[in-house]
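Here TrEMBL flags CYS67-CYS394, CYS260-CYS274 as disulfide bond. The feature signal peptide is assigned by TrEMBL to 1-28.
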Amino acid sequence: AVAAMAPHRAGAALPSAAILLLLPLASAGLSSYFGTKSRYEEVNPHLLRDPLSLGPAAAGSQLPAACAPLQLRALLRHGTRYPTAGQIRRLGQLHARLRRRPAAVACPAAADLAAWQMWYEESLDGRLAPQGRRDMEHLARRLAARFPALFAARRRLVLASSSKHRCLQSGAAFRDGLGPSLSLGSDEVEIEVNDSLMRFFDHCAKFVALVEDNNAAMCQVDTFKEGPEMRKVLEKVASALCLPVEELNADLVQVAFLTCSYELAIKNVTSPWCSLFSEEDAKVLEYLNDLKQYWKRGYGYDINSRSSCILFQDIFQHLDKVVEESKSSKPISSPLIVQVGHAETLQPLLALMGFFKDDEPLKANNYVRQTHRKFRSGRIVPYAANLVFVLYHCDQVKTSKEEYQVQMLLNEKPMLFHHSNDTISTYEDLKDYYKDILENCHFKEECELPKINVTAVDEL
């Protein structure tokens, strides 16, 4: 077990016996609470045993045999990545502070962390890790196994990505993972850069001014950082590191916690940084992460989700085109559309559609009441998160309305539609349910700044 815990070369495969030894350590209470820095395996644990297994969800909610898939539209978050330059810088500062500690003062936790090798370099800045490439290759192979008719030879694949390096590399890894299942040589499928859809939030002036660049918009996050739950974690970590509590803050503690998550996701090792935190601490730090996601990308402000209607409408425009082609007995021009973006691409879209909405908003003062909240970013958008729309044509139906049906999968699991409480919907019913967004959510108007440049949170 000691050998299994030793750090190994980034990207090197661990022998299966070592992985089995690691599992109890890696999942000893913390790995469920890493929020957006969670491994994909946290939502699909069967992949730890076999990364190509389709798992139990694939067997459920099957459509009738008379239904054939016409189009698959997949929105992916990039795979496992390295920390950003800012996180690496803060980790370097904390690590340097521990190394400067007087050796005469006995402090085992601080000594262990001072001895830990700081291997992250700022040049890694959010780039895709080798594990991230594997995430995408394996996802491609699982989707191809699940929808063989769509991924069959000579089917056209349209591949798009955000301009970020980690997304472009994820797209290339997904394409490479399909390998021989598509007749096209992998180099022949070009990746189109499309930031207007994959990074719509950057192009929405109202979101940028009133949320992204407005410190007041994150008041709930800032209040929680100074609140009693975080104070308790802060004092405990300061005590373990034999540091005055004044020398730490919520951001530094969060960096230490996220280093635990990065070491697990990137290297599949249990980092010494994990030893600073209990499961209760992890729940508090997860809530801090979720608060930020909620107020910046989720239900906190309407503009967060309304800015994604450009992507939502694009999905339905392509589905409409497929229905039209099918009714005219034309070949389907785009049977496979795969687009790679970010947690920030998927989270607003899911909020626009009304998923994972709690009765009560997430706030700084209701941590305990939100223990069983639906909005848990690590369950919704871990690394390699994927939202998949599949449109089917069904024969032997009673009414023409049932001829076209849709299924939605989040992280490869069928989702229940709000309007039907079922994992299948007729395309007509789905469009009807989202009629208002499809007809009345106009990106240009939604994202225009008010004429008077008011940056107060009240405006939101």
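The backbone N, Cα and C atoms fix where each Cβ goes, glycine too.
Remember, TrEMBL labels are computer predictions, not curated facts.
The Cβ of CYS394 (disulfide bond) has 17 other Cβ atoms within 10 Å, all protein chains considered. Rounded to a whole number, the distance between the Cα atoms of CYS274 (disulfide bond) and CYS394 (disulfide bond) is 51 Å.
Of all Cβ atoms in the shown protein chains, 22 besides its own fall within 10 Å of the Cβ of CYS274 (disulfide bond).
Local packing around the Cβ, expressed as the count of other Cβ atoms within 10 angstroms, is greatest for CYS260 among the disulfide-bonded residues CYS67, CYS260. In this structure the alpha carbons, written CA, of CYS260 (disulfide bond) and CYS67 (disulfide bond) are 45 Å apart. For CYS274 (disulfide bond) paired with CYS67 (disulfide bond), the C-alpha to C-alpha distance reads 48 Å.
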